[in-house]
Each structure stands twice: as C-alpha cells, then as structure tokens.
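Contents: one structure, followed by commentary.
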Amino acid sequence: MTDVLRSLVRKISFNNSDNLQLKHKTSIQSNTALEKKKRKPDTIKKVSDVQVHHTVPNFNNSSEYINDIENLIISKLIDGGKEGIAVDHIEHANISDSKTDGKVANKHENISSKLSKEKVEKMINFDYRYIKTKERTIHKRVYKHDRKTDVDRKNHGGTIDISYPTTEVVGHGSFGVVVTTVIIETNQKVAIKKVLQDRRYKNRELETMKMLCHPNTVGLQYYFYEKDEEDEVYLNLVLDYMPQSLYQRLRHFVNLKMQMPRVEIKFYAYQLFKALNYLHNVPRICHRDIKPQNLLVDPTTFSFKICDFGSAKCLKPDQPNVSYICSRYYRAPELMFGATNYSNQVDVWSSACVIAELLLGKPLFSGESGIDQLVEIIKIMGIPTKDEISGMNPNYEDHVFPNIKPITLAEIFKAEDPDTLDLLTKTLKYHPCERLVPLQCLLSSYFDETKRCDTDTYVKAQNLRIFDFDVETELGHVPLVERPAIEERLKHFVSAPSSSL
C-alpha cells in the first residue's frame, strides 16, 4: 500500500469521531458506582447485560485488583526467578465445549433473560407439542420485516400468515432454543430463535436486527410472539439459515488434525471486517460478542454472516456501558481493566483473536479467569507501557509490573507470511486508538490472495461479490475526496503472488 493511501486511511479512520471516539481517553468507572447512579432505563433494555457464568472482577478496589495481576505475573511469567519465558511454555487450553461455550448457540446468556434448565426443557417440549399431536404443519401469523426499508408490517397494523413443517431443535442453552425448518410459502430454509420475552422491556436483539441490512449479517425475515400454558410470552425470531458456525468448521479440521486452509480463513476474515465496517458506521452498532460461535459460515461457498446481536449496542460517548461484556477469550484488554466508555474497537480485538484461533486451531489467549486472561495476554504481548495502562485505566498507571521478556506474535506465527503477522500485530494493540479500524483491515495486503485472477479463489470471490461495496452506506463515512483511492484499493485485483500496492 502506498504511503499516500496509508495516510488517507489513517486520516479518515481516526478523524471520524462519530465512528469511533478515538480522541477521547478511555474513562474508567466501577460497576458498583454505575449501579448507584440513578439513571432512567433505556427505551430498549435487556434484563441482563452481563455474562453470568464468570466471576465479575472487583474494579472498585483497583489496588487489590492490580496486585492480583502482579502476583499472577510473578507466579506464571517469571520462570525460575529469571526474566523471560520460553516459547514452549505457552499452554493454550484445549478447545472444549466447557471452555469455548460448546457448539453453536450453546451459551447465549446475553440474548434475553437467563433461563433455568427446567425452563429450557419446557421450551423444547413446547415446540414438540406439534409432533405429539401429530400435526404435520405449523401455522403462524407473523410480522414480516422489510430489511431494505427498515419497516415491518406491525407498524402498519398488518400481519401475514406462514406455515412450516414440524421443527427440529438444533441448539439450546440458558437463553432458549434454536430450531430449523422450511417456510412452505417461500420454500426457504430458516432458523427460528425462541427466547423468553420480558413484558417490561423491548427486546434489544429484535430492535437491533430491524436496523440491519447487509449480506454479512444474519437477516431477520419474520418475528412473532406466542404464549405457553403458564401465560409466559416467547419471542420467535425467524432468521436466515446458515449450515454451521465457524466454531464447528474449525472443529472439523481440528478433529482431522488438519489446518484450516489459509485462503478460507482469509475469505471469512474479510467478510467479518466488512460486516464490522458496516455495523460501526451505518447503524453505528458495536456487536460486543464476536467469537467463532457467533459467526456462521457455508463452507461450500465461503459465505459468512455475523449472528447473535443480543449484546449489540449503539455506543454513545456520554453514556457509560458495562465493562463485563464479551466472551473471555475474545475480550479486549480495556474491558478487563474496567473501561466503561469504550469504543467499537473492542470488536476489532475480538476479530483478531478469532483469526488467530483459526490459524492456530485453538484460542490465542485462554485464561481461566478474568485476571488470568489478562496475564495470558501479557505473556504474549508484553507488559503494557505507562501510556497504554493509562489509556485502559488511569488508576493503574502508577503501578510497576515485573519486567519480563514476552513471547512475541512473531514467534507464535513464525510459520505464517509477513502479511498475516502484520495484520495481527496492528489489530492486537493494548490501546484501542492504535488498533486498525475495520476499513483499514480490509485494505490490508493480507487479503490480496483472495483477489488473484489466476486462482480458483477468484471465482468464489466473484460469486460472493465480497469486493462490491455500497458507496453510500459502507463508504459513506469516508470523505468524498478520499473515496476514489479507497475504492480502487478495495476492488484492485492482482495477477501474481508478488503483486501488491
């Protein structure tokens, strides 16, 4: 990439204060302090905004928290009293259902109310009632959502009728259940997510999905409500169907003791950043739970969609947010330092962790707790500088960490090409202001292989149309005078491996 183009990209990305509040220093506020503030609830409010299966760190006592980190660093990173740690001392936890939240849709506490095991079983049986009564077809009156115009027929007082065969439960967890079926009227396969609806609030995931219209985000087709015999209300989201999650795809190769093809990883990564570029700039939404289980793929076409918007939120600089968000292995360091005015860049960190996991076949950072997760990051990334610590939490800047020699990303990914290392290095940064934004990631030469006209990948790229951008929406945040150079780079195809800008 030319110096001029780099300058343009940096300028448009870091001067756009509406897109990212990068000029604002990350501010920290304890969760306890936030709870004491008397604020009116949001119009769209979730019952729970935290993942309840982890212990929340005590950010209120910063000295105690930072001392725990220092003690763990001393015990885990100082080998035999000597500075430094050998590369072969890295021990990533094996991927398992218990550590990585299992198969697709196994753990989605952020979607809605956390449900008991008995409640989930009841929801599953509630869907099976059609089978028990030998009904072959289910008929529902639903609200049809029009993605292009961002309206649904409920707003106009109208509904439509759909029918589908008895469903098959393909996933369930503390959030509810997911089933697959085929809409008879359209002959289209869909996934239906059923969650318990709290009557007091709007469902944030539903309201978020009404805002989305992008090929790399799972689409909302219909939604409807139904009651059980105890008069409890369930929201059903009828969504685009995808064959499997990225987690399941990775497990396929891990079980075969094979690596996922590098070009396949690049296709998924490109579409991930393309989706984030859209989310962060059009509806201005931060997903806040990017992980392999929430990324859906079709391996036959390399198509890709982000799902599960139960944690998604429009981040505003004047409104604090909970810091205990996002699954642990993919949680940005500022969140572990208790940041409440964080930016959309938490999604970029999570995305980099996903790419690294696809390359390694296991999580890059796999801590056993929140503090241990931070130690795992320090083990590889090194001790954060005073400025980086201040950017994550000013309360910690006077603490001095033990001096250790980190295991670098270059050591871990030494078998990968320089472009891969370059992208990971520039997205895995302690300070969110220093991370590439999604558009910068899309311009990386890491993706040039997917644009080569002399390979089979060119056909897949053309079929997916992943290099087609809607200028008014996906590039609408780019200043007019700078768009031509950006568009040229995004659509530039190369004919040989050595060719790059």
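Using N, Cα and C of the backbone, Cβ positions are placed for all residues, glycine too.
Annotated in Swiss-Prot:
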- SER13: phosphoserine (MOD_RES)
- 164-447: domain 'Protein kinase' (DOMAIN)
- VAL170, GLY171, HIS172, GLY173, SER174, PHE175, GLY176, VAL177, VAL178, LYS193: ATP binding site (BINDING)
- ASP289: active site, proton acceptor (ACT_SITE)
ASP289 (active site, proton acceptor): tally of other CB atoms within 10 A of its CB: 26
Model confidence over the domain 'Protein kinase' (164-447) (mean pLDDT, whole number): 91
Pairwise CA distance, HIS172 (ATP binding site) versus the residue listed as 'active site, proton acceptor', rounded so that it is a whole Å: 18
Local backbone state of VAL170 (ATP binding site), from DSSP in three classes: strand
Which listed residue (VAL170, VAL178) has most other Cβ within 10 Å, given these are binding-site residues: VAL178
Neighbouring C-beta atoms (10 Å sphere around the C-beta of HIS172 (ATP binding site)): 20
GLY176 (ATP binding site): tally of other CB atoms within 10 A of its CB: 24
Rounded to the nearest Å - Cα separation of VAL170 (ATP binding site) and the residue listed as 'active site, proton acceptor': 21
Coarse DSSP state, helix versus strand versus coil, of the residue listed as 'active site, proton acceptor': coil
VAL178 (ATP binding site) and ASP289 (active site, proton acceptor), distance between Cα atoms, whole Å: 18
